[in-house]
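Engineer: Dropping the structure in here first, questions after.
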């Protein structure tokens, strides 16, 4: 009997935990389970303010419920005229002063963390990434390493990374809920924020400033890896070759087509001297997702090449000549996909990326 | 027009003409109510379309482009074309009566305000039929708005400019009215709280709307005449738009919320049968909120990159607003305390408002904390917050005010049973829709998202939210049925159906077109209540029965607004074909011509003779 009770208890505790966890959202997207410095700072202020506010709410509701039940009109009392009180000085002082004190409790940590999150003292000695937001994708240029990548930002774990952000069209906003709060990406002035992740993994980033048709699909990822993996990745990116030749025969055909058309916007090497027109495709073979929103697969790449407008309305690819004159056959797209999937900065699979791909595929089945 | 107009049945045509030319604040109030109600339903339908699109992940009920038009027009319509005019409806219907005046200070301008608002509102919506409405969000951030293709944003700019001019005039009108036209004995500190809030809101309009006007002018030049105020590549700055917009936009929240507080103050006091607790504190809290409302605009811009100093200052200033707002909440609670609380539909809305708005205020303090706002900003958390404030505060007040003042405006009383059905459907629907959105935001759902991906744990929350939205829709339909039923039944009520406290209840429902035969003598706060407590039936007159001076009706405000409406099309389409410029000349010609006509033609109004007033009383 006792055992049975114990099982029930464990089970109910477990299901309670599941509910709580799922109520907190997807664990590499939600702001409710912080996994980085900025998100943690914000979360602490959120907690303090929620606690203070719940206290206020309880006080208000207690008086409210009491008053409604106690002083509700009773039968036969319709004409009763209650005492016409003008006010009460003591009470009024109380509910002016106490809220001020409560607000100070919130204001002090708010100001402290606001300054802390704007701290740029370590900027010189840290990794600096120039982030460029565009309708509807992101470009990341590593300032000192002279490499760039698109859509997926690699950073080492437990390391402060400074992001210097500028838009080349309308305003975007860089939000990485699990790791850090957001910062707008303006066309006028460069904004700087830093991020620091506590755990390896791939984290979802979202554009949070309304920027047009595919605003809701302008996702990016931040790939948090160990310091070694990061160094390897940077080394690999530096060695990506603009003259790379494809291995398989279909990929070679694909590369030929790519060179005749796609290359005018998409570079296949990570050198930061390449102009930023379309997303940089160096290391495309190791991407976590296609176009930032589709599970990584050859079909997804083909689908993207054939119908980019259906996947991301209004995106820049729509002006590509092959879409204007409908000159792309599905077989061609498949060959191009073969070629693109060969583009890898490191042959060694990155743990975080592999795990992420596995989770996402399971998720959607 | 020198004799009393016969109140016989008029033909439909002459009723229409009467409304087109009226300068009577009560008829203008009815027009604001109808037009605002229409736009409220329109905005509501847009909201339902938005929620239906989000009912499941990767839904394709509407296209991305159309969705962006829907969210833009939902916000713009609800703020400028529904909430504002509905607030103006009650200000028009009630404020002159509450201060014991026969009309507003400038009846002609009052009519002009209405027609400018209506033509501006129509202009905004014309975009739907000419290739797409505005699609840059109701905040129209540059450069998205300045580069948005098509004419949608042009309609937004011109439409808001025209209706904004109407609002500005309305604000000035009410300021002058309240300063100058209070009845004998109606000192400032005896004014009912609704009048006080209308007064402070009008002052906010006076200072806030010019910022919007300037911003819209700059944007109009950027879009239509090739300037680059907001274009960084031409040396402009896009962030300036955000400042201009929010210097207007934040006080706008209080322009809506303060009169809402006023409505609740009247209702809570009346149906508790008690004087408003801490009246003086309430007045000062109102003024303080109005003042602080101008100091906090940049809390909408914590993530823009203003730096920690500016962010901290605006965070603390914003939190400070919680203090006077808290004072108000406690004063309402203590007005209820010890009262004889009668719970009818109007009171139900007021009682529903207190916890709802408290939640909105709580999240308000939370989003004011700049470093926490880095997470909340532009997510569904913020969507939830401002709907708690604007629906839970303002829309609840509009529903409450509709039930409370309907008898005064139309002489009939709305059905209580249906009214309560509306309340419960709307109240439950509201919390279902928006409470969960706090969590959706923190779970990673940004605002203005046309769709969300599968497998992000956002499905259930969005589904619940959509169900709630439809409950609100049903609640609103029940209110419409209620209005039709009540109007068809047409059972007349007395001038004072609620055992009211303020001056509007001292005269018949609906009031005669001159309001007060003799101006009343006000002897304190809640003047009618004082008289009733001393055993009198009504107010003591402050003047002998004399001739009443009344303004003439005029068609000029309608034509003047029509001129600007026509000119608006000229401005928009001259960009494509310079020939359209002729419309600018035609339209502006009409408007300026009307102004000239109004200036040179003496219109001294007319008098109702005291003999006629006596005769009417004798009948």
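Heads up, the Cβ atoms here are built off N, Cα and C, so glycines get one too.
Found this in TrEMBL, in case it helps:
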type: DOMAIN; residues: B:11-523; note: domain 'Cytochrome oxidase subunit I profile'
type: TRANSMEM; residues: B:29-50; note: transmembrane segment
type: TRANSMEM; residues: B:70-95; note: transmembrane segment
type: TRANSMEM; residues: B:107-129; note: transmembrane segment
type: TRANSMEM; residues: B:155-181; note: transmembrane segment
type: TRANSMEM; residues: B:193-220; note: transmembrane segment
type: TRANSMEM; residues: B:240-264; note: transmembrane segment
type: TRANSMEM; residues: B:276-297; note: transmembrane segment
type: TRANSMEM; residues: B:309-334; note: transmembrane segment
type: TRANSMEM; residues: B:346-368; note: transmembrane segment
type: TRANSMEM; residues: B:380-400; note: transmembrane segment
type: TRANSMEM; residues: B:460-484; note: transmembrane segment
type: TRANSMEM; residues: B:578-597; note: transmembrane segment
Engineer: Same-chain Cβ contacts of the transmembrane segment (B:309-334) under 8 Å, 6 or more residues past its ends?
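Structural biologist: For the transmembrane segment (B:309-334), the list is 261, 264-265, 268, 276-278, 281-282, 284-286, 288-289, 292-293, 295-299, 302, 354, 357-358, 361, 364-365, 368-370, 373.
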Engineer: Should the transmembrane segment (B:193-220) and the transmembrane segment (B:107-129) be scored as in contact, given a threshold of at least 3 Cβ pairs under 8 Å and pairs 6 or more apart?
Structural biologist: no
Engineer: Mind checking which residues reach the transmembrane segment (B:70-95)? Cβ under 8 Å, same chain, six or more beyond either end.
Structural biologist: 25-26, 28-30, 32-33, 35-37, 39-40, 42-43, 46-47, 49-50, 53, 62, 104, 110, 113-114, 117, 120-121, 124-125, 128, 133-140, 152, 156, 160, 163-164, 167, 170, 174, 177-178, 194-195, 198, 201, 252, 255-256, 259-260, 263, 390, 394-395, 398, 401, 405, 408-409, 448, 504
Engineer: The domain 'Cytochrome oxidase subunit I profile' (B:11-523): mean pLDDT?
Structural biologist: 96
Engineer: So which residues does the transmembrane segment (B:107-129) touch in its own chain, when a touch means Cβ under 8 Å and the partner is 6 or more beyond its ends?
Structural biologist: 21-25, 28, 31-32, 35, 39, 42, 69, 73, 76-77, 80-81, 84-85, 88, 92, 151-152, 154-156, 158-167, 169-170, 172-173, 551, 554, 556-558, 560-562, 564-565, 568, 598
Engineer: Count, for each of B:29-50, B:380-400, B:578-597, the Cβ pairs lying under 8 Å from the transmembrane segment (B:346-368), and report the range with the highest count.
Structural biologist: B:380-400
Engineer: Can you tell me which parts of the same chain pack against the transmembrane segment (B:380-400), counting only residues 6+ beyond its ends and a CB-CB cutoff under 8 A?
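Structural biologist: Contacts with the transmembrane segment (B:380-400): 78-79, 83, 86-87, 90, 253, 256-257, 259-261, 263-264, 267, 345-347, 349-350, 352-353, 356-357, 359-361, 363-364, 366-367, 422-423, 426, 430, 433-435, 437-438, 440-442, 445-447, 479.
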